[in-house]
Amino acid sequence: MKILLLGSGELGKEFVIAAQRIGQTIIAVDSYENAPAMQVAHDFEVINMLDGEALDRIVAKHKPDFIVPEIEAIRTERFYDYEKQGITVVPSAKAANFTMNRKAIRDLASKELGLKTAKYQYATSAEELQKAVKEVGIPCVVKPLMSSSGKGQSTIKTESDIEKAWQYAVAGSRGDVIEVIVEAFVDFHSEITLLTITQNNNPTLFCAPIGHRQERGDYQESWQPALVSEKDLYEAQDMAEKITEALGGAGLFGVEFFLTKEGVYFSELSPRPHDTGMVTLAGTQNFNEFELHLRAILSLPIFEITLEKAGASAVILASEDSANPTFTGIENVAALAKTDFRIFGKPTSRPYRRMGVVLSYDTLSTPINEITERAKETAKLITVNS
Ligand SMILES: Nc1ncnc2c1ncn2[C@@H]1O[C@H](COP(=O)(O)OP(=O)(O)OP(=O)(O)O)[C@@H](O)[C@H]1O
Ligand SMILES: NCC(=O)N[C@@H]1O[C@H](COP(=O)([O-])[O-])[C@@H](O)[C@H]1O
Ligand SMILES: [Mg+2]
């Protein structure tokens with residue numbers, strides 16, 4: 001099969017490797033050359049994926065069987081047409097289109113499906129944001145409708161933060177929409193990603209929950225399995241099943257939840273492998289999240305997902321801008337037992353850019369916080385030099 005991968009970061013790279021292993025053909029696309037997934041694909045294209053005409057051009061040129069989005073900021077409105085042309089958009093044109101913009105997915109979850117979410121409002125100017133904040137209450141979180149990995153996201157703690165939050169959101173917005181969502185701050189005790197796999201002719205499957213810790217809206221460590229009460233897990237699975245069914249198609253989704261004393265809140269979802277799901281690269285499961293996405297897409301039945309080990313991932317971040325980043329300390333990480341790592345091969349660095357990940361694992365009876373602490377300490381052994 002021919003797969004057009006839209007977005008070629010670290011998640012795409014692992015997906016391509018999984019696809020190469022079972023003989024698929026991949027064209028990797030991104031806005032810059034030598035992106036991680038391009039380094040392992042058959043062919044590549046460099047375009048602005050928000051440009052519908054540029055997308056049309058490469059779809060017509062390559063005539064793929066599948067279009068697999070890897071990021072959110074794509075002119076996803078075009079996907080409905082590609083579906084009509086007989087191309088399978090993964091997991092579906094609707095799923096990619098609804099999750100490109102926080103408004104569509106939040107209204108679907110909250111208004112249409114009745115899932116429990118933080119109280120929220122939208123705003124298209126600093127003045128509207130003032131009103132929205134009054135409505136939602138302080139503290140609250142402001143995010144551009146189009147952004148990911150926490151870009152443009154900030155927390156309002158006092159009224160004087162509102163103007164700053166607006167400016168920051170506008171500057172961090174990825175797409176061409178200048179609008180924000182304001183959400184009441186959810187005082188959660190933990191947050192999880194529930195990897196949910198929908199299949200064409202088989203039932204929906206769930207991976208063991210993944211716990212994670214975020215800073216600046218971006219993940220720092222993730223671990224699997226997360227300790228979640230049976231009641232919370234059931235609630236999360238029920239919500240994940242409802243929303244993935246409403247979005248349609250086959251593939252792996254990363255469904256994010258906040259766990260609180262008052263129960264489980266739906267936060268958002270990615271209709272594709274999730275960054276926190278990189279923990280599955282530690283061999284925690286019989287199939288990692290990229291292999292699961294691929295199998296679901298190709299309608300290869302997934303009989304069961306088994307939890308084999310406990311594991312954790314911790315990010316390796318750059319601290320400076322560089323056109324030629326290099327790494328030191330890798331040999332110290334390599335020397336450790338029950339440890340692995342990935343360096344993504346991003347051609348340039350900037351402050352806080354995720355450049356790699358350290359993976360730790362152990363038996364299922366090992367306390368998960370010990371493994372997570374080990375991953376976190378181990379990641380500090382690697383430095384990104386500019
Ligand atoms: N309403 C909220 N209350 C408390 N914390 C929040 C809220 N919204 C977001 N956060 C925190 O910020 C993190 C990032 O938020 P969110 O997942 O919405 O951003 P994102 O930019 O889509 O990130 P990604 O693309 O990496 O998933 C959350 O995982 C959570 O830790
Ligand atoms: N939370 C979403 C996420 O983690 N996405 C991953 O990060 C890449 C972009 O990285 P970059 O900003 O370093 O180019 C994306 O291509 C994807 O692999
Ligand atoms: Mg998120």
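Note that Cβ sites are derived from N, Cα and C of the backbone, with glycine treated the same way.
Here TrEMBL flags E10, L11, E70, D275, K346, R353, R354 as N(1)-(5-phospho-beta-D-ribosyl)glycinamide binding site. Other Cβ atoms within 10 Å of the Cβ of E10 (N(1)-(5-phospho-beta-D-ribosyl)glycinamide binding site) number 24 in total over all chains.
DSSP classifies G152 (ATP binding site) as coil under the three-state reduction. According to TrEMBL, the ATP binding site annotation covers R102, K143, S148, S149, G150, K151, G152, Q153, E183, A184, F185, V186, E191.
Annotation comment: TrEMBL describes 107-298 as domain 'ATP-grasp'.
In the three-state DSSP scheme, E268 (Mg(2+) binding site) falls into the strand class. Counted within 10 Å of its Cβ, the other Cβ atoms near E268 (Mg(2+) binding site) come to 18, all protein chains included. Residues annotated as Mg(2+) binding site in TrEMBL: E256, E268.
Largest Cα-to-Cα span within the ATP-binding set R102, K143, S148, S149, G150, K151, G152, Q153, E183, A184, F185, V186, E191: 20 Å. For ligand 3, the binding-site residues lying close by, meaning a CB under 6 A from one of its atoms, are E268; the full candidate list was R102, G150, F185, E268, R353. Sequence-distant contacts (6 or more apart, same chain, Cβ under 8 Å) of S148 (ATP binding site) comprise I71, E72, A73, R174. The binding-site residues near ligand 2, defined by a Cβ under 6 Å from one of its atoms, are S148, chosen from S148, G150, F185.
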